[in-house]
Amino acid sequence: MPCDGCMGRGNLSTGATTEFLLLGFSELLHLRLLLFLIFLIVHLLTLAGNTMIFVAVVMEPSRPPMLFFLCQLSAIELCYTLVIVPKALLSLAAAGGSPISFLGCAAQMHLFVALGGAECLLLAAMAYDRYVAICHPLRYAAALSEGLCRRLALACGLAASAPALGLTAAVFRLPFCRSRRIDHFFCDVPAVLHLACTQSYSAELPLLGACVLLLLLPFLLILASYVCIAAALLRITSPGGRGKAFSTCISHLAITLLHYGCATFIYIRPKSSYSPARDKVVSLVYTNITPLMYPLIYSLRNKEIRGILRKMMRRNSLGELG
């Protein structure tokens, strides 16, 4: 049902919709400086942690598949934070919010959804890696060759880009109401959908379709992998062997739960339950805290990563002494 002051479907050619205003945390003016410093410190730590893992794995001559996928995950997290956080920092620096162009908002939404979807698919590939390593250890090297890993990583990116593009096009073809104030710190899908002048549930169908392809399908693949892993672990008679095999999955499980917990809360629900304040808090965790947690989880739990980081620091120390 159209409302008064709606913008037409030709949003790209409508001068009134050439710019949105990201309100960010403008309701917390007295905490703006503190929030800016926290955002900045977390952002720098996230960049440093993911860059360190990415560089360490790239410099390693022999990389098992899990490390290859971890390298891709760190690259995604680097891009992810660079797409979201700088604009969020600008919205905190400006008292009245940060303006963003119509095309800039669409580009940010597309990149955010594509990178998030690629991460879900990559987590499914990492679950398959754990399945092969535990259930078929003798075939591990042949089943997950370097060429297959590269093709899987490329497929994750391409398979996420198409639904993300379709979802972004569908959202920005909707008629928007007169208000162009997005009550969020980036162009998230629910926040922009909230501005649409439509009461029809058909506006939510592209989001539902993207959730099925980028959230539900990878989750089912991860679940199937871990059901097979659990069955294989039950057949291991030695408690020590069972614990050692399961310990290789803990890091991946922790990251999967963090990623899917936040994503499910934000996106798999009707538009009527949208709450700007609640969404901003969950999105803050989703886009700032979880990318920081990933390198910490893997560097603490993964012996190979710890070994590579120690070798890298040793090489740097020797280089400084030389």
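Cβ coordinates are placed from backbone N, Cα and C, and glycine is handled just like the others.
Copied over from TrEMBL:
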- 33-59: transmembrane segment (TRANSMEM)
- 49-298: domain 'G-protein coupled receptors family 1 profile' (DOMAIN)
- 66-89: transmembrane segment (TRANSMEM)
- 109-131: transmembrane segment (TRANSMEM)
- 152-172: transmembrane segment (TRANSMEM)
- 207-234: transmembrane segment (TRANSMEM)
- 246-269: transmembrane segment (TRANSMEM)
- 281-300: transmembrane segment (TRANSMEM)
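By the count of Cβ pairs under 8 Å, the stretch nearest in packing to the transmembrane segment (207-234) among 33-59, 66-89, 109-131, 152-172, 246-269 is 109-131.
Among residues of the same chain six or more beyond the transmembrane segment (152-172), those with a C-beta under 8 A of the stretch's C-beta atoms are 11-12, 68-69, 72, 102, 105-106, 109-111, 113-118, 120-122, 125, 189, 192-193, 196, 206-207, 209-210, 213-214.
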